[in-house]
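**Student:** Okay, here's the structure, questions in a sec.
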Amino acid sequence: MADAEAAMTFPKKHKKKKERKPLPEADVAEIQHAEDFLIKPESKAAQLDTSQWPLLLKNFDRLNVRTTHYTPIPCGSNPLKREIGEYVRTGFINLDKPSNPSSHEVVAWIRRILRVEKTGHSGTLDPKVTGCLIVCIERATRLVKSQQSAGKEYVGVVRLHNAIEGTAQLSRALETLTGALFQRPPLIAAVKRQLRVRTIYESRVVEYDPERRLGVFWVSCEAGTYIRTLCVHLGLLLGVGGQMQELRRVRSGVVGERDHMVTMHDVLDAQYLYDHHRDESYLRRVVFPLEKLLTSHKRLVMKDSAVNAICYGAKIMLPGLLRYEDGIEVNQEVVVITTKGEAVCVAIALMTTAVISTCDHGVVAKIKRVIMERDTYPRKWGLGPKASQKKQLIKQGLLDKHGRPTDGTPASWTRDYVDYSDSSKKATAAEATPGPGVTADAASIVKRKRDSDSDADEATPTTTPRVKKEKKKKKEKADGGEEAAEDGDGDATRKKKKKKARAAEELSG
């Protein structure tokens, strides 16, 4: 049996190795001599495809470049790569608000679920209204004001009290209610019922059911528009009367119902998974970075060294600018970002794109709202020549700890240094430098004239209208008193005369 098994064994198949043809040494040498292995200089840099980059860095290669030189600082991080605690505290939720609870209740529940200190929303929805409610968390609440004033879109159902001709008539009536409209809040409203003007940008009829007299419509409008009032006006315009049956908000600002809208259950599940399984992926899908709300703004990219100064309220100056967008207009709202794509602040532009490209100094924008936390980036101000000299003098004891001059302060420092935080020194500096085209003699003459005018004013005190009125009243009162006294004396003499006449008659009688 064993012999049979031995006979049954099959021979092992050996894999054939692929034969490699060795390259002759001469050929390698020839290739090395023939080809130039170097990075060749080019007239233009290769194009980066940044169309798929996230949030505020999208298409950043299309921004105008003021300078490409800056010193990167290893602080901060890309908004999508923040540590989970920081990510939640600087994020927002595009929530599908359920029917029946009020907006404030929903926001309070979210705060309790995520265990954060502060939450806010993008505009109140009535209890029965559903749809897009942007819930901002902690740092993102700084953007609530701008989100509340952003445009909104709704889909509503209107019930008409009587039959109409058809969809065309409803469509014409809805088209009439476009543009600036007078509105008074409904009877049951949380605000004062004052007449107000609100703008309807666009509207259209989606569907009309003549049997049930129900019409579905879509409307894009200004923040604070009452769709309930719009439905009442629509009924009046059609001559049959109408009321709002149902309403859903489909867009709030730049975020719509198709942009990763989540429910309250999703938020609860995401927090549960993180608490019990340390799985933060679901939480990152529910919460989005606040930078997503600012993607419609024009961008200004700042150097890393200028970021913390802006967080402390410094002006946005041109030397700290790296890149800027096309089409910036004066008084337009812009967003200031870092090189990593983090939002630093929302600002009001003071220069147009054309002016920024031609100037080398000046204030580019003024801060409207700082978003980033202070000291996320290190302090980089106070490193200039004057500031360094001041620090040295404080160290040597020639200035006090606040930088104020002492007895041992060098005369050159007190003469040359201007402390712009001291208002008295500002005034003296302004007086010392008269305006262009005005000589010192002319300035002194003007000053002398002012002094003489003030002396004259002191010599002749002016009486105010109030004092004059009081004097007039006193005079009238005094005159009235004298007249009354005179009248009283006359009455007394008359009475005496009458008494004398009666006494004489009695004696004669």
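Just so you know, glycine gets a Cβ as well, placed from its N, Cα and C.
Model, not experiment: these values are computed from the prediction.
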**Student:** Under Swiss-Prot, which of the candidate ranges 2-22, 65-85 is annotated region 'Nucleolar localization'?
**Tutor:** 2-22
**Student:** Which of the listed residues, S99, S122, S454, has Swiss-Prot annotated as phosphoserine?
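**Tutor:** Per Swiss-Prot, the residue annotated as phosphoserine is S454.
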**Student:** Candidates are S102, S452; I want to know which one Swiss-Prot annotates as phosphoserine.
**Tutor:** S452
**Student:** Including all protein chains shown, what's the count of other C-beta atoms within 10 A of the C-beta of K395 (SUMO2 cross-link)?
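**Tutor:** K395 (SUMO2 cross-link): 9 neighbouring Cβ atoms within 10 Å.
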**Student:** According to DSSP, folded down to helix, strand and coil, what is S388 (phosphoserine)?
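**Tutor:** For S388 (phosphoserine) - judged by DSSP and reduced to three states - the answer is helix.
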**Student:** Around the C-beta of S388 (phosphoserine), how many further C-beta atoms are within 10 angstroms, looking at every protein chain?
**Tutor:** 11
**Student:** Test of understanding: give the count of other CB atoms lying within 10 angstroms of the CB of K192 (SUMO2 cross-link).
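**Tutor:** Summing over all protein chains shown, K192 (SUMO2 cross-link) has 7 other Cβ atoms within 10 Å.
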**Student:** Please report the Cα separation of S388 (phosphoserine) and K395 (SUMO2 cross-link) in Å, rounded to an integer.
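**Tutor:** About 11 Å separate the Cα atoms of these two residues.
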